[in-house]
Every structure is written in C-alpha cells, then in structure tokens.
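These come from TrEMBL:
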- 122-519: domain 'Glycosyl hydrolase family 13 catalytic' (DOMAIN)
- ASP334: active site, nucleophile (ACT_SITE)
- GLU371: active site, proton donor (ACT_SITE)
- ASP446: site 'Transition state stabilizer' (SITE)
Amino acid sequence: MSSLLFHPQTLVNEGPELEIKLYTLASLECEQVILRIEPDHEEELRSMEFVEQQHGWKLWRVKLSASEHSDLTLYCFKVIHQNSQTWLHASGESSRLPQKTQMFRIHQQQPPLWVRDQVFYQIFPERFANGDDSISTRAENYRFDTSRKTIVSKQWHEEVSSSHAHTGGSEFFGGDLKGITQNLDYLQDLGVTALYLNPIFTAPSNHKYDTADYFEVDPCFGGNEALIELREHTAERNMKIMLDAVVNHTSNQHPWMDVYHQHSNGAARGEASPHRNWFTFDDNGSYYGWKGLHSLPKLNFANPEVQHVVYSGENAILKHWLKAPYSIDAWRFDVVHMLGEHHNAQNNAHYVREFRNAIKQTNPNAYMIGEHFSEATQWLQGDQEDGAMNYYGFSLPVRAFLVGKDIALQPNHISAEDLALWLAQSRGSIPFANQLAQFNLLDSHDTERFLTLAGGNSAILSLAATLMFTYIGVPSIYYGDEIGLEGGADPDCRRPFPWDENQWDQPLRAKYQALAKLRSQREEMRSGDVIDLHAKGDVYVFARWTQQSHSIVIVNRGEACDLNLSLAALPGACATYLFANQQQKVTVQQGHLKLQLSAQRAVVLCSEG
C-alpha cells in the first residue's frame with residue numbers, strides 16, 4: 001500500500017498549545033505543507049515548518065492553540081506538490097478536502113492512561129469457578145424466577161441447555177466470586193491484568209442482567225464480602241476490576257417495580273406508588289420493558305429521583321462501587337445507547353455525559369465503556385464514553401475476514417482490502433486517545449465463541465487472537481477462549497470453564513500467553529500508531545509505530561504464499577527485524593521484506609533495540 005504522508009498521532013504534544021507533526025516522503029517535492037483547522041467554525045490554514053529529513057522522510061511541525069469554541073479540535077493536512085494536492089485525514093489520503101467526520105480529532109477529556117496497558121479477561125461469574133458450594137443457587141433458597149420456571153441446579157460437567165426459552169435463565173452451575181479469587185494465579189500466569197465481570201448484583205437469573213438490588217452482590221456469588229476479598233487480592237497483584245452497570249432497566253422483582261408484591265411500594269401496585277414514575281406505563285396500565293420484555297422494566301431517567309439514585313446522589317449506584325472498600329476501576333454499561341427518558345432513548349447523550357461526570361468526579365482515573373454492537377462514533381468523541389465494546393470497529397470486520405460471517409451468522413466474505421478499509425474508517429472517526437481505549441474482543445457472553453464460528457480451527461482463532469493483541473485498543477479474552485472452550489449462540493457460549501487440564505488446548509493457551517507477554521514488552525503495541533502496509537486477497541499487514549520502536553504484523557488467512565513487502569510507507573524502517581519471541585532475524589533487501597508465509601499463520605516482526 002503506497003502512502004505519501006503520515007501523521008504520527010503518538011507525537012502530538014497536547015495541552016493548551018498543541019504541537020502537531022507530519023511526515024512526507026522525501027521524494028515528494030512539496031511546495032506547501034499546510035495544517036487546516038476551523039477555529040470558530042471558520043477555515044484557517046497554517047503553514048508547517050520543515051524540521052529534518054531522515055530515513056527517506058521529511059518531518060514538518062506546527063504549533064497552535066486548542067480549539068476555544070469546543071472541547072474537540074479538528075484538523076487535517078493539505079500538501080501541494082507537482083501541480084497537484086494531497087489531503088491527509090484520519091481515514092487516509094484523498095485528493096480533496098475531507099468531511100469533518102474524517103478529520104483528525106483531539107478532545108480535552110481523555111481516557112485514563114492505565115487502560116492502554118491492560119489485558120482484560122471477561123468472566124461470566126456463574127460459569128467460571130465454584131469456590132464455595134455452600135452458597136450455590138438451589139430451588140429452596142431462590143425467591144421467584146422471572147418466568148416462574150423451575151430452578152435447575154446442574155453439576156459443573158453437565159451441558160448448558162439449548163435455549164433460554166427452555167430454562168428462562170434459571171439454570172445454575174454454582175460459579176461465584178470466591179472461585180475467581182482462588183484462580184487469580186491462573187489468570188496472572190496467562191498475562192491477564194484486568195477483570196471484566198458480567199453483572200454480580202442480586203438478581204433472579206443466572207446472568208444477573210435483571211437487577212433486584214443495586215447495592216448488594218448476589219448472595220449466591222458470596223455477597224459484598226466476596227467482592228471486597230476479590231478487590232483486596234487483585235490489588236495485591238495490581239490487577240484492575242471492571243463491573244457491569246445495568247441501569248437501563250431493572251428486574252420486575254426489584255422493590256421499585258415489585259410485580260409479585262413482595263414489598264410495599266412497588267410501581268406495579270398502582271398509581272399511588274411513589275415509584276410509579278420511575279417507569280413508564282401506557283394507557284392500559286402496562287409498563288414498558290426493554291425490547292418489550294416484561295421481566296425487564298425500563299427506567300425513566302426524566303424522573304429526578306431515578307437520576308439521584310443512579311448517578312447524581314452522593315451514594316448513587318455509579319459512585320458507590322467506585323469508593324472504598326470496593327474501589328472498582330471501571331464501569332461497562334449494558335445497552336447504554338438505549339437508555340433515556342420515558343420508554344425510549346430520548347436525551348441519551350445528556351445522561352451518558354452525566355454518568356461520565358459522576359464517575360470522573362468520584363475517580364478521575366476510572367474507565368467507562370459502553371456496549372454497542374453497531375457503530376458507536378457519537379459516543380466516542382471524548383465527552384461520553386472512554387471506549388466501547390468494539391464490535392463494529394474490530395470484532396465484526398475480523399469475523400468477516402477470518403470466518404466469512406456477520407453478527408447474524410449470514411455470509412459476509414471480505415478481502416484484506418475490505419478489512420483494512422473497514423478498520424481504518426472505524427478508528428479514524430474517533431480521537432486517537434479513544435482508539436487506544438477501545439475494548440477489542442473476539443466474542444462474548446452474547447455471541448457464538450470464535451472457535452466455534454471457525455469450525456473448531458484453532459489456527460484461525462490464533463490469527464484472530466494475534467490481531468486482538470496487536471491492533472490498536474485493549475484486548476479482552478472471553479473466559480475459556482485461551483484453552484479452546486467452544487460454544488454456540490447464547491446460552492451455549494456460557495459453558496462452565498473446564499478446570500481439567502487434560503481438556504485444554506495447551507498450544508493455544510501458550511499462544512495467548514506469548515501474545516500477552518509480547519504486548520507487555522512492546523510499547524508500540526500499547527500506545528503506537530497504526531500504519532497499513534499491505535492488504536490484498538488473503539494477506540493483511542500493518543505496523544504499530546512509535547518514534548522509538550515499531551512492530552510489523554502479518555496475517556495470512558489463506559494458503560502458503562510468498563510476500564514481497566515494501567516498507568516505503570514506514571518511517572524509520574530497519575535493516576533487520578526480529579521474529580517475535582524468537583532470536584531469528586530477517587533482513588530488509590532494497591526496502592522490501594521477502595518472506596515465505598505458511599498457511600493460516602501470523603508473523604510478528606519487531607524492530608531491535
């Protein structure tokens with residue numbers, strides 16, 4: 001892939017005064033190099049000064065003040081050369097002025113720096129490990145199931161039932177927080193530095209997305225004391241914890257609604273209830289549930305009392321768990337794009353900003369992400385979420401490229417060219433700092449496991465894992481992926497973790513360990529720019545780049561082939577490269593890397609030093 005220009009976003013010196021730099025190919029005879037900005041929404045062109053020439057590139061720079069009319073500064077570059085012009089924007093090069101949605105952007109509010117250094121591990125608590133069988137859910141200690149179905153207590157080795165229609169979320173295996181605490185050594189040995197826990201607060205179901213008490217950890221998970229214990233042990237290991245915030249809706253058993261009349265003032269008791277306006281009822285007296293589900297009544301954020309208990313009060317839900325003794329580090333918001341006033345998403349952005357303000361006031365270093373299966377650009381401009389569960393900008397393109405399916409399991413075969421374009425357009429629409437904080441995942445509790453999508457082909461999963469650990473953003477391993485745990489659509493993707501090591505795919509686990517180690521050792525993989533170097537057919541190649549070091553990632557989904565890779569688009573390209581986690585070197589010949597690629601394999605090459 002040829003490129004005339006490169007803007008190193010890692011070299012932007014931020015603050016009241018910005019210093020912005022641009023590389024142009026030394027062979028490009030530049031007549032003018034210009035930075036375009038829009039103070040007060042009016043175009044302003046700033047000439048950039050030449051700094052130096054080295055390694056076949058010229059470096060230019062300019063200083064300017066951050067935007068005063070907005071917290072978001074937008075900019076792009078215009079280069080006049082050989083009776084022509086080339087524009088550089090966040091998604092690539094063009095021959096004309098780009099749209100604002102394509103411009104580079106810097107927001108004054110930025111995600112916490114610690115995030116980019118993490119390897120997250122997502123745990124569905126009910127299925128990871130049973131640390132205390134005496135507290136496991138059983139029919140005799142269960143209140144009501146949301147669908148009045150029989151509670152099913154299962155042994156760890158048994159299969160998950162084939163559908164929620166059959167079990168109604170009432171199938172329990174006995175996982176708990178103590179089981180997580182007892183296996184922190186395993187996670188740390190894998191290279192995990194942060195935990196993302198699916199909901200843990202008191203709720204009738206096994207998945208806990210139907211909260212009945214926001215201030216109590218479910219007793220079948222060990223209660224609040226179990227969370228305190230987990231927090232203490234993770235703190236000793238310098239591991240982070242992210243909890244799941246389900247505040248778009250509650251359980252219909254929550255005292256605020258109380259469908260089964262277990263309490264005294266629930267909204268279901270009639271219009272006299274003090275909680276009636278915490279939800280929205282139609283003219284027939286029926287309340288609105290999330291996606292029409294009777295078990296999940298939707299909260300009405302137009303009500304100041306709802307605002308107070310969720311985010312604005314001194315001991316609001318979002319603040320409470322950030323404080324000692326729990327001191328969690330991050331919140332993940334379930335269906336965040338759907339919450340709002342009355343029974344829809346009215347004024348959604350306002351409330352997400354309010355969530356952010358409440359969280360950052362309580363802990364300025366807290367991380368905040370949202371669940372989005374579709375494009376999340378509008379939530380990722382710096383003033384709302386730090387990052388998103390990056391389905392649209394990572395999971396979906398990687399799934400389409402490697403297994404040829406979309407999120408609905410329909411055919412979606414794309415080439416490496418399509419993959420590169422999808423990734424570039426997605427990352428280019430948000431600030432660079434937020435790109436680094438994107439939550440990259442291959443699968444989750446809501447999707448088929450990637451290995452199952454790949455027909456059990458661990459080589460394809462290894463390719464996907466390589467992309468996840470090396471691409472811009474934060475990797476998140478879904479529990480069990482690293483040892484070859486399979487699973488179809490929800491709830492089959494929530495199988496218990498098999499603790500019998502004889503059932504593990506040990507080479508796959510070693511691959512995950514090696515990737516986590518590599519990421520921890522290479523600064524560019526945690527904070528570097530992305531430079532696309534090659535995208536054709538079955539082969540995609542990109543670099544992660546900082547001024548001090550860089551790595552080249554080569555992914556071949558197809559048959560064995562020869563690759564003749566030009567490094568012309570890579571500033572500071574080396575004469576030799578090390579194969580990651582090996583001592584073997586490869587030599588650059590006349591600006592090209594020549595490699596023989598094995599079938600369905602990835603190669604990572606690292607600069608020395």
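Every residue gets a Cβ built from N, Cα and C, even glycine.
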Listed in sequence order, residues with CB under 8 A of GLU371 (active site, proton donor) and six or more positions away: ARG332, PHE333, ASP334, VAL335, VAL336, HIS337, ALA388, MET389
Lowest local Cβ density among ASP334, ASP446, which the record lists as recorded positions, within 10 Å: ASP446
Model confidence over the domain 'Glycosyl hydrolase family 13 catalytic' (122-519) (mean pLDDT, whole number): 95
